[in-house]
Amino acid sequence: MTGAEEILSSLDKAKTQWYHFKTIVIAGMGFFTDAYDLFCISTVTRLLGRLYYYDPLSGKPGVLPPNVSAAVNGVALCGTLVGQLLFGWLGDKLGRKRVYGWTLLLMILTSLASGMSFGHSAKAVMSTLCFFRFWLGVGIGGDYPLSATIMSEYANKKTRGAFIAAVFGMQGMGILGGATCSIVISSMFRSALNSPSFVVNQIASTPPQADFVWRIVLALGAFPAALTFYYRMKMPETARYTALVAKNNKQAALDMGRVLQVDFTGVIDVTTAVNGGPDYGLWSRQFVKQHGAQLLGCASTWFLLDIAFYSQNLFQKDIFSAIGWLPAAKTMSALEEVFRVSRAQALIALVSTVPGYWVTVALVDVIGRWVIQMIGFFFMTLFMFVLTFQYYTLRGTPCVDNPAQYCGGNHTAFLTLYALTFFFANFGPNVTTFIIPAELFPARLRSTCHGISAASGKAGAIVGAFGFLYAAQDQVEGKQDHGYPTGIGLKNSFLLLSVINAAGFFCTFLVPETKGRSLEDLSGENDAEQQRAPYNESYMDKNSIPE
């Protein structure tokens, strides 16, 4: 066994140590920021419409035009796709550590800039906001392949899934944190300004000071990222990259000695480079033969999952309005509307989204990634089918005194089924599609392949965010949101999402189980080493680190 192989073997067998938890926090705070920045915009989009697109002649609160709404909600997703591909590639070419801090710095600067979007007109403000949120998305996108790859390469094989899932689980906390910040800030301004509802006073219902609310909410996304920037810059490069890609065993031994608190340098051979498996490229025939189906499985399942996951977030305001959680916009002030939208989003995150993430953390190394992904897609499909075929029964009929809301039906069951789809998305493919690409591919291509898989997911998110924004509009002319064409309606949207979730279930058969296996076994990097001469008895043979 070569020196590099000993170091990698020791990582697989290492006890869970404080450094593992430190890495989870450092990488996880990036994902907290990612989710905060991506999802907090949905709590303030209605406020943006009231502030910048109010038409006194309409007699209704202002709303973002369809093209502006799509841009504000979706431009960060476009940037995320670019960042996943770019930083995924850079992570393999330059090293994980070398570019890891860049993503966080970009998120910090563009979060602050988003809150300071400038201009003398609505068009100018929205344009600068979209510009900064695109680059915010690029930083967010870079965090996906780098954080997943770093955590997978640091972790031992016994708890690797839980560690990667814990990093991604901070996304749920970020969604909850964004909604909570919007609740707190809107409540503070409501208490200070005491503005009336729109029907009482159209102008006073949206005070000029409300413009600070969305700016503060967006700018606060820089805070959690800034807290961990120093520690991210001080992280050592992963031993797997240093040994298998950079071919520097001595540096790998030094770095992992710091992590595992064991001195490798004097007791192992640090001069013999590990072969690292056949040196084929991403676009080679050998890669396609060995990993092509796996990459297709990772990319397709993530693409299908994100169509459903991100489109469901768009439906929230319509569902909450239908069951009475959100009154008609004209009966609220602008700040009250921010508060109510944020409260509803926080409740869904608290009872379904966040628990789903952490149930996965607890079970992913017990029952496996593949099983959890199949369970998640199966129940997402089932609950969406129930919502489709029991839609009118559960929703009820339009109320006589307020046609915008629905009376009768079973709103509790409707909301429960809707929440369960979020639970099984997160106790299911939303986490496992993040874990598996970080485990399957060779070290020299791991970050790139994860970036490709994640970018496929964000392509699905863009389809969900843009496509279903229009598709979910009412089929009856005059009942759709202002400025939108008629769509297929919520019921048919649920049916379409059921089919998409079912397709994700079947695409999961392309993905293997990775639980309990070393990264080198999964990637095939050990295959070439099986023909190498046995290595002399060494330090790790005598003193292997227990699990």
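Glycine too: its Cβ is placed from the backbone N, Cα and C atoms.
Record features (TrEMBL):
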DOMAIN    23-516  domain 'Major facilitator superfamily (MFS) profile'
REGION    520-547  region 'Disordered'
TRANSMEM  23-48  transmembrane segment
TRANSMEM  68-87  transmembrane segment
TRANSMEM  99-118  transmembrane segment
TRANSMEM  124-142  transmembrane segment
TRANSMEM  163-192  transmembrane segment
TRANSMEM  212-231  transmembrane segment
TRANSMEM  344-364  transmembrane segment
TRANSMEM  371-392  transmembrane segment
TRANSMEM  412-436  transmembrane segment
TRANSMEM  448-472  transmembrane segment
TRANSMEM  492-511  transmembrane segment
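Sequence-remote contacts of a segment are chain residues at least 6 beyond its ends whose Cβ falls under 8 Å from one of its Cβ atoms, and for the transmembrane segment (412-436) they are 144, 148, 152, 161, 164-165, 168-169, 172, 298, 301-302, 305, 308-309, 312, 319, 323, 348, 351-357, 359-360, 363-364, 369-370, 372-373, 375-377, 379-380, 383-384, 386-387, 394-395, 453-454, 457, 504, 508, 511, 514. Counting Cβ pairs under 8 Å that are 6 or more residues apart, the transmembrane segment (99-118) and the transmembrane segment (492-511) reach fewer than 3 and are not in contact.
Looking just at the domain 'Major facilitator superfamily (MFS) profile' (23-516), the mean pLDDT is 88. Listed as Cβ neighbours of the transmembrane segment (492-511) (distance under 8 Å, sequence separation of 6 or more from its ends, same chain) are residues 293-294, 296-298, 300-301, 304-305, 307-308, 311-312, 315, 370, 373-374, 377-378, 380-381, 384-385, 387-388, 391, 429, 436, 468, 471-472, 475.
Nonlocal intrachain contacts for the transmembrane segment (163-192), taken as residues 6+ away from its ends with a CB within less than 8 angstroms of a stretch CB, comprise 20, 23-24, 27-29, 31-37, 39-40, 43-44, 147-148, 151-152, 154-155, 209-210, 212-213, 216-217, 220-221, 224, 333, 335-336, 338-339, 341-343, 345-346, 349-350, 353-354, 356-358, 360-361, 364, 426, 431, 434-435, 438.
Against the transmembrane segment (448-472), stretch 124-142 shows more Cβ pairs under 8 Å than any other of 124-142, 212-231, 371-392. Counting same-chain residues at least six beyond the ends of the transmembrane segment (124-142), those with a Cβ under 8 angstroms from any Cβ of the stretch are 33-34, 37-38, 41, 48, 52, 68, 71-72, 75-88, 90, 99, 102-107, 110-111, 113-114, 117-118, 221, 451, 454-455, 458.
Packing against the transmembrane segment (68-87) from elsewhere in the chain are residues 37-38, 41-42, 45, 48-49, 53, 99, 102-103, 126, 129-130, 133-146, 310, 314, 447, 451-452, 454-455, 458-459, 461-462, 465-466, 469: each is 6 or more residues past its ends and has a CB under 8 Å from a CB in it. Long-range neighbours of the transmembrane segment (212-231) within the same chain, counting only residues 6 or more positions beyond its ends whose Cβ lies under 8 Å from a Cβ of the stretch, are 22, 25-26, 29-30, 32-33, 36-37, 40-41, 43-44, 47-48, 51, 101, 104-105, 107-109, 111-112, 114-117, 136, 174, 177-178, 181-182, 185-186, 189, 335, 338.
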